[in-house]
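Colleague: Sharing a structure below in structure tokens format, with a few things to ask.
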Amino acid sequence: MIASIVFFIVLVDGVATGSPNALVTDFDCRPGMKHCGVCQQLISGSTGANALCSYKGVGDFIVNNFSMGPVDWLWPSTAPSYAVVSESWGCVDDGAAFCDTTGNFRDHRGRVAREGRDGLGTVLIRPAGNGGPIDDCGADGFTQAIGTVVTTVTDYTRSERCAAVLVTVPPPNETVWYDGKCGFIPSSSSAAPPILGNMLLALIRAHPTLTLRMIQRILVRAAKPVTVTGWRGRGWWLNRVTDRWTHRNFGFGEVSPSRLEIEARRELSTSRAPVAWSTLDTCDLSEVEWVRVRLGIAPAVFRGGVTVEISSPSGTIIEILGKRPLDFSRDEFEGEFVTPFWGEPGRGKWTVSCTGGVILTTEGTCHGIR
């Protein structure tokens, strides 16, 4: 058995300090709040009374929780070295809200992703959302960051379309210990981040030198399409450039826990060029990993009728914002959108197109290997 360092956490005036293995954030993590409590149990694994239930996550990990306040909440200026932060909150899933995140909040979360865990990078995991076909997590700015791993439950019918989704996790048809008994894990996208977080905590414990970028690459290679999503025709397509299957709702597919260890060893034995970035109109990368665009848009009629697509020089077309029929706002808006283009060459013409509106401002970057 691999030994691990035990970390402790102290909350001082509502600010998290110290260095635990993981952190769960939710709108309300007071004692007795089931949503946050179940997420904390899922990421901590099968320990104590939880071992009596059918969920068998790897244990045991020290997990703290943090109640989110207003959107101007900031990470401490000296970011704690969390290995994983599981975030099961976000934009309201009503198909009408549009959340753009700017300023200090985005900057501090970005710094944690880059500098956490002594510079290796903290893994921030977010759910795609529960809005189903009436919503699109492209409108949830909290998911739109290159350092964030967005996930959902495979074949979850209320999962929002989202070009930012990297991978999915198996449906949680298991029970977890809560409120003095074993109860079924709620089937929602909120359950996906802590389930994936538990897998990644085990991976990091076995391979503590893995960086955030390495973990993202491992996840892509450890994922595969699954039959339950109808991968032989229902939305899955094969990228002939990268030879990878992808899906608008499910990213690169469902993570196989057994493949994580195999791909981790492969990644650690591979000499890889450092990450590079370029503006999208002059992208000179040999392998693009992520593309980020920030757009200002004026709707022709309603904001919910606006769709945005990005096409690569290789001809891959990805919808980064879909129709949201309950969003009747007529106001101009700004949004930031990210999507993975794992392994495609960046040289050539990138095109961002919009229907149902007019693009007023455009700024984009590509990130990957030069």
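Cβ coordinates are placed from backbone N, Cα and C, and glycine is handled just like the others.
Pasting the relevant annotations from Swiss-Prot:
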- 1-17: signal peptide (SIGNAL)
- Asp13: active site, charge relay system (ACT_SITE)
- 18-261: domain 'Peptidase S8' (DOMAIN)
- His35: active site, charge relay system (ACT_SITE)
- Ser190: active site, charge relay system (ACT_SITE)
- 240-370: domain 'P/Homo B' (DOMAIN)
Colleague: Mind giving me a neighbour count for Ser190 (active site, charge relay system)? Other Cβ atoms within 10 Å of its Cβ, every protein chain shown.
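Modeller: Around the Cβ of Ser190 (active site, charge relay system), 26 other Cβ atoms lie within 10 Å.
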Colleague: Is it possible to get the count of other C-beta atoms within 10 angstroms of the C-beta of His35 (active site, charge relay system)?
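Modeller: A count of 18.
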Colleague: Taking just the CA atoms, what is the gap between Ser190 (active site, charge relay system) and His35 (active site, charge relay system) in Å?
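Modeller: Taking the Cα atoms only, Ser190 (active site, charge relay system) lies 8 Å from His35 (active site, charge relay system).
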Colleague: So what's the mean pLDDT when you look at the domain 'Peptidase S8' (18-261)?
Modeller: 84
